[in-house]
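Database features, via Swiss-Prot:
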- ASN120, GLU123, ASN149, GLU152, GLU181: Fe(2+) binding site (BINDING)
- GLU123, HIS148, GLU152: Zn(2+) binding site (BINDING)
- 5-25: transmembrane segment (TRANSMEM)
- 32-52: transmembrane segment (TRANSMEM)
- 61-81: transmembrane segment (TRANSMEM)
- 109-129: transmembrane segment (TRANSMEM)
- 137-157: transmembrane segment (TRANSMEM)
- 171-191: transmembrane segment (TRANSMEM)
- 195-215: transmembrane segment (TRANSMEM)
- 236-256: transmembrane segment (TRANSMEM)
Amino acid sequence: MSVPLILTILAGAATFIGAFLGVLGQKPSNRLLAFSLGFAAGIMLLISLMEMLPAALAAEGMSPVLGYGMFIFGLLGYFGLDRMLPHAHPQDLMQKSVQLLPKSIKRTAILLTLGISLHNFPEGIATFVTASSNLELGFGIALAVALHNIPEGLAVAGPVYAATGSKRTAILWAGISGLAEILGGVLAWLILGSMISPVVMAAIMAAVAGIMVALSVDELMPLAKEIDPNNNPSYGVLCGMSVMGFSLVLLQTAGIG
């Protein structure tokens, strides 16, 4: 099994961590969840804008028009898909002050699971494609996606457990969204393999960079602010950028990057 596929599977499996936290009642503080989302956004923004997009533009045979065009395509494509999908957000189910009937919780959890699954599928493709092109960047994206997936698993499993009383059902429902990400990676592995040209890979990387920027700005940072409105998610973003930038410098200095 390829390393990029393993990274994608591990990132998707992080959803189960959140699911177990949801059914065990060991809910992390809102401050920690918000910081982790900001941290993930910082990692994605730095990798996308400082590594992936420049690498795609520098690829042999890649034109600036195609490179920037694919970046904008990924950016706008994410926003378009995000607007079309059923929209129930994790924070809607994580607020203890909201009292919902079991039927209402079930319905909201179904919509949330569906929406998250559809969002996670392209994230799996993005993780695999990035790791296939540059393993160093793949580790960073996998870490960011994993941090993003933990609150999602928590948000689905907690309400389902409250509605059904079944820990197994709650973990299963939460796991579906993580499996969607893994399926995305498997699909990319089966279709792309090693038979893809450098220009096509660079174009895909540029589009993935656009998707990651849109995800960070439109989903992760606003979600962090809603989960913990008393603190600025920018601290997590800056910390994520700093840690990722420092780690990239260390890897490149060691000759790994």
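Counting begins at 1 with the first residue displayed.
Glycine is treated like the rest: Cβ placed from N, Cα and C.
Overlay of Swiss-Prot annotations on the structure.
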residue: ASN120; record: Fe(2+) binding site; Cβ contacts under 8 Å, 6 or more apart: GLY12, ASN149, GLU152, SER177, GLY178, ALA180, GLU181, GLY184
residue: GLU123; record: Fe(2+) binding site; Cβ contacts under 8 Å, 6 or more apart: ALA11, VAL145, GLU181, GLY184, LEU215
residue: HIS148; record: Zn(2+) binding site; Cβ contacts under 8 Å, 6 or more apart: LEU37, ALA40, LEU220
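Ranking the binding-site residues GLU152, GLU181 by C-beta neighbours within 10 Å puts GLU181 at the top. For ASN149 (Fe(2+) binding site), other Cβ atoms within 10 Å of its Cβ number 27.
Note: the stretches the transmembrane segment (5-25) and the transmembrane segment (61-81) are not in contact (fewer than 3 CB pairs below 8 A, sequence gap of 6 or more). Long-range neighbours of the transmembrane segment (32-52) within the same chain, counting only residues 6 or more positions beyond its ends whose Cβ lies under 8 Å from a Cβ of the stretch, are 94, 130, 134, 137, 140-141, 143-145, 147-148, 150-151, 154, 205-206, 208-210, 212-213, 215-217, 220-221, 223-225, 227-228, 231, 233-245, 248.
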